[in-house]
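Step one of this worksheet: look at the structure below.
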Amino acid sequence: MQSVVATRPDPHRYSQRDLKGFKQLFHRFLQVKGPSVDWAKINRPPEDSIQPYERIRSRALPEGVASSLNKLAVVKLNGGLGTSMGCKGPKSLISVRSENTFLDLTVQQIEHLNKTYNADVPLVLMNSFNTDEDTKKILQKYTHHRVKIYTFNQSRYPRINKESLLPVATSMGLTGENSEAWYPPGHGDIYASFHNSGLLEQLLAQGKEYIFVSNIDNLGATVDLHILNHLVSQPAETRCEFVMEVTDKTRADVKGGTLIEYEGKLRLLEIAQVPKAHVDEFKSVTKFKIFNTNNLWISLPAIKRLHKQNAMDLEIIVNPKTLNGGLNVIQLETAVGAAIKSFDNALGINVPRSRFLPVKTSSDLLLVMSNLYRLEAGSLTMSEKREFPTTPHVKLGSSFTKVQDFLRRFESIPDMLELDHLTVSGDVTFGKQVALKGTVIIIANHGDRIDIPAGAMLENKIVSGNLRILDH
């Protein structure tokens, strides 16, 4: 690997830092034998280690909530590309609502907070080498917004040949044969790269005490004043250094990481760490009732202390991949939430489902673009016109996977206020002002096409075969 770094005429300091970080991770990977957890030692977390959000919310906010906000910075994980939704460039630049991108909505939310409370909450973006350049170009448009924006880059590590365990990179370049040789090593890298960037010290010098970390594609992850107040109002000696927001698991969330008690500590258990024989048990909604939303509140002085002591022991997630040429590789990753066991007085807070609104697919996109939600100051909230607070189950077929195909198939987004379940498969298009209610299943068989006419109201209907509305 040292020879790869040497192929740069002037290896950047960050390359040396990345090399050091990768070496440490790789050596740990070689030393770990067998599963990282002993299933027999897993216990449910103690009652008081996961608090219901209602209890946190029941306390009145103090007058000086602005001074609490001034102790906070918001960190968004912005390392991912939009490839799974058929888009080039950073995922955060995809339009999700009224021409606003994920990044636009984030800036609007924080600017609204700063204006409302006359506060100074900065936005920090953790970019990857995949997203940094495009993100920085777009940041110029926010120059006159009332929010300071900082960026730093997570590390860049080499993918490893699964058989030889050697890096597949032949140089430090990111193009040509090396375009698939590198990867950002998961969001657990935030602690080291944040520290190494100098931003941690900078924020501490500004009087910041906590960061609120979340995925940029989770539209429910807004700053919650009640959680913030809970953190800053505690006495220093018992102050909680790490809060993980969890929410009740449904059948759709069976793969999400969960909180357990392990060897006397609160710990995050990810599906990748579960021995094969126990995967079904892990997925069960009865034993593991909650999952990690990846909305995290973390103490900045604690990050500094643990980094200095080299005391963050994050479990390694081995992620197997197949490159375009068919080569099997592995990439070693860590998860930001896995550090919970290293912090003092760590706590889970069981929050409402509304704080977990990720947009991973076009099915999710349909929900957030619809009249189920209203948009106010960058935040999406469920419309009062919907009688039940639950979100409909939406499953769009492969014809809708890419955002541009999805948009082409809807002349306008249907009225979904009374929808429970929607399944769409095959070559289907929707006219303007369609209303969907109850359970609607639309299946166009191979070679057929279904055009749902403008103004149609489908309630508890199955539409199949061929339905084409032709102009004459």
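Each residue, glycine too, has its Cβ placed from N, Cα and C.
Per TrEMBL, the features are as follows:
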type	residues	note
BINDING	LYS91, GLN154, GLY186, ASP217, LYS360	UTP binding site
BINDING	HIS187	substrate binding site
Least surrounded among the binding-site residues, given as HIS187, LYS360, when other CB atoms within 10 Å are counted: LYS360
Listed binding-site residues (LYS91, GLN154, GLY186, ASP217), ranked by Cβ neighbours within 10 Å, top entry: GLN154
Pairwise Cα distance for LYS91 (UTP binding site)/HIS187 (substrate binding site) [Å, integer]: 15
Nearest-integer angstrom distance between the alpha carbons (Cα) of LYS360 (UTP binding site) and HIS187 (substrate binding site): 17
Between HIS187 (substrate binding site) and ASP217 (UTP binding site), the C-alpha gap once rounded to whole angstrom: 14
